[in-house]
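Chemist: Quick one: this structure, given as structure tokens, is what I'll be asking you about.
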């Protein structure tokens, strides 16, 4: 490290030989002892020791140099004895063994009075192997068991608590390992991450996360709505033709799939007085699903935000994890290769992002890119507005069209046109990257996500306005079921278009890029477009869950199929990203977009439906009521006359029905978000300051090393004859023979180079 490309050697010179060494041969008595030290071992441990003498070397005069180096020798002896391993005599082995035994006894004695938590932490931090740590813990437990019975009785309760805590931790770890072992698509996700990186992997993780959401929603709806209704359901007399799978009408109309089939009476079985109020069950079940989804989204956002924005290790880019944390439990050849591929991909992503962050643009380049961004935003916003206007007029025309055409397939016109817009416009947005040319691929994905979410949420908003202000007020029989059928067709048509795009569009693009226009090559996976398809479908599911309770089950099937379809298409039709980039924060952004504006828009739509609209008079559990929420009002009035349920009435009036409560709750959430943001900014500043401090300390070390080298060169020039004798003895001795040096306490560090032999 000191001499660049030249091979250097560190010479340790010993002076002031103790009296007991006078019996050594005369050659060793006349000339000071020395030996060469491998710098790759000695430098790391001795750099920290240079701080002990930095002020002495820089401030004292040359006549006190020997005294300063004697002080330095004591600290250097320990580092050399721990770093260098050479042949030692039997006397040295015995002394080392006794020293280690005494140190072990001291360590055990210091661990005994500690608490269990501190003792475990101290043993865990010891630089020993796992077997040595286990032996140390058993030795400490054995010594503690020899204490007086009174002390043991006092600590009996603490030991029981520690045993319970240890058992709980072990059981929790066992359950966690079992869940990880049985985790869905675990091996497939590792293969995707190893070949295409974390950016593409984030899409499949998001799809898996949404699948868990829909599984939970289906289980809740099926348990509290479908099963009770099936116990009192009448036989369906409508014919089944098979077209119902595409239109959602016909035979499915009189099934538990839609809102209009559910009864408005309380369900009783036998002569018992226990009844099941379907009105409250329907409203509370849907409300419970949405509330749990709300808190799950908040918890997931907080977790990913903490892991990807607040933890300090993300600002060091996980270098320690990549370099020093190989999993030695991986022994299978395929698993080892997959692990190596994952690590190499992560290293490429980190290095690529570091290189891109250091790129500086001129003022002209910045102005050109800013103009391109503004133009792209104006064009994308205009296209989104035009699409929303077109969807609104198409919806109005569709209602008039269906009155004159009785063909069952005519109801697919609006979903088909909406799906065409959702397929074509995001691809048009993707072409803007040829003009904008973002330096960081992550920024390009963020911009595409924002443009696509603005387009798709605007389309859903126009459709909701059409459903709630035209369909619901048109006097149609059971308008809730009609809205449920519309949402079912939109969801199904979006799924069909996604399959067609994967099997036909992406396949044809691969054929064109490989055989006809080879300059195009294979395409890269469009993360923004595919993620927005998932968010769009999930938003439809949340809105339609009130009108079609089994919609989460349909979405669960479509997500399960889409995972395998996208996986096969990814492996066959796509190439890894040309620019490797880290996507550790993408999952946080996906969940945030799913929460706002997707989930918040769903809450607003359902709130307007429940509080403002009048239910159908001939179908559904809320028939005959002026509004859906009046079922809750009637239940609260009933509980007000029962003294045992006054607490429920108080909770409703002071918490659920209070505007002040939700205002305070929103304020608390905003304050917590602000605190998290400030913590993030503070840790960023801390990481930057620590990084600068490390750089400055490295410069200080190099300065001290240079000063030390200059002092050594001065000494060489002052005494050249001693240097010649030193070289002769070094050539005769074993360079790693340090057996006699272990007993000498006075050391001095000298650096010399191999090319000095000819000069001497």
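Just so you know, glycine gets a Cβ as well, placed from its N, Cα and C.
Values in this document were obtained by computation on a predicted structure and should not be read as measured data.
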Chemist: Check each of the ranges 330-351, 352-373, 374-395 against TrEMBL and return the one annotated as transmembrane segment.
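Modeler: TrEMBL lists transmembrane segment for residues 374-395.
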Chemist: Under TrEMBL, which of the candidate ranges 187-208, 209-230, 231-252, 253-274 is annotated transmembrane segment?
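Modeler: In TrEMBL, residues 209-230 carry the label transmembrane segment.
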Chemist: Given the ranges 140-159, 160-179, 280-299, which one is assigned the annotation transmembrane segment in TrEMBL?
Modeler: 280-299
Chemist: State the residue range annotated as transmembrane segment by TrEMBL; the candidates are 634-655, 656-677, 678-699.
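Modeler: Result: 656-677 is the stretch TrEMBL calls transmembrane segment.
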Chemist: If you check TrEMBL, which stretch out of 489-512, 513-536, 585-608, 609-632 is marked transmembrane segment?
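Modeler: From TrEMBL, the annotated transmembrane segment range turns out to be 585-608.
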Chemist: At least three Cβ pairs under 8 Å linking the transmembrane segment (280-299) and the transmembrane segment (445-468), pairs spaced 6 or more in sequence?
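Modeler: Counting Cβ pairs under 8 Å, fewer than 3, so no.
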Chemist: Taking contact to mean 3 or more CB pairs closer than 8 A (sequence separation of 6 or more), are the transmembrane segment (585-608) and the transmembrane segment (445-468) in contact?
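Modeler: These two stretches do touch.
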Chemist: Are the transmembrane segment (209-230) and the transmembrane segment (445-468) close, by which I mean at least 3 Cβ pairs under 8 Å that are 6+ residues apart in sequence?
Modeler: no
Chemist: Any residues 6+ beyond the ends of the transmembrane segment (656-677) with a Cβ under 8 Å from its own?
Modeler: 298, 302, 305-306, 310
